[in-house]
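Q: Relevant sequence annotations retrieved from TrEMBL are reproduced here:
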{"type": "DOMAIN", "residues": "74-216", "note": "domain '5'-Nucleotidase C-terminal'"}
{"type": "SIGNAL", "residues": "1-26", "note": "signal peptide"}
């Protein structure tokens, strides 16, 4: 089922559910001394349920579809985690395949990754739980000053013990010493504050969400016309077509030196 038809079914079902929950149920009961038969009218809620039921069944079937299998538990962590790395890497890969120019870095927030991906079968519904938002992907061009602010943000969020406030990072490696970035690599090169770098993120974060105010200084932007959730769905489905399971590793992309 394509995304358009799926959204249509989902919208219809949720609309019916909402209307049903806000509508009173009326029953007309008529009796007499002659013990006449009780007559009940079908409630509006029941009528809506009958209409929505086939769409609900199709929605449930779609959400139950197994897309791939995870070989390990993927959870968000700080300074890096298997889930953070997996989503950031696939997002950067998606951006590079859709953008006309090379994309250097992906930066997302752990808070947007709502649930882990646990070892075993992974269904479409599980990805909707992981990413329930309608966030679109954007590529922003950041000059040196904004990139320095981005790096400092990564340091701040990666040294916080709360995994929810961490970041999902790809294309960049940061070594942190005494609470500061002591070495930064972008791709295979040392960070150059004189260069402009292209960073993929969500439209929510690009608008300053989760205190990512440095994106406001972007010198240019590009819409990729794809939702982050759809990028995840397409990526893990693509892996399955190649008989590759969902997997990730910790590679020291954010390293806190002792």
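Backbone N, Cα and C define each Cβ position, glycine as well.
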Q: I'd like the per-state residue tally for the domain '5'-Nucleotidase C-terminal' (74-216) from DSSP, helix first, then strand, then coil.
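A: DSSP classes over the domain '5'-Nucleotidase C-terminal' (74-216) add up to 56 helix, 43 strand, 44 coil.
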Q: Which value does the mean pLDDT take for the domain '5'-Nucleotidase C-terminal' (74-216) in this predicted structure?
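A: Across the domain '5'-Nucleotidase C-terminal' (74-216), the average pLDDT comes out at 97.
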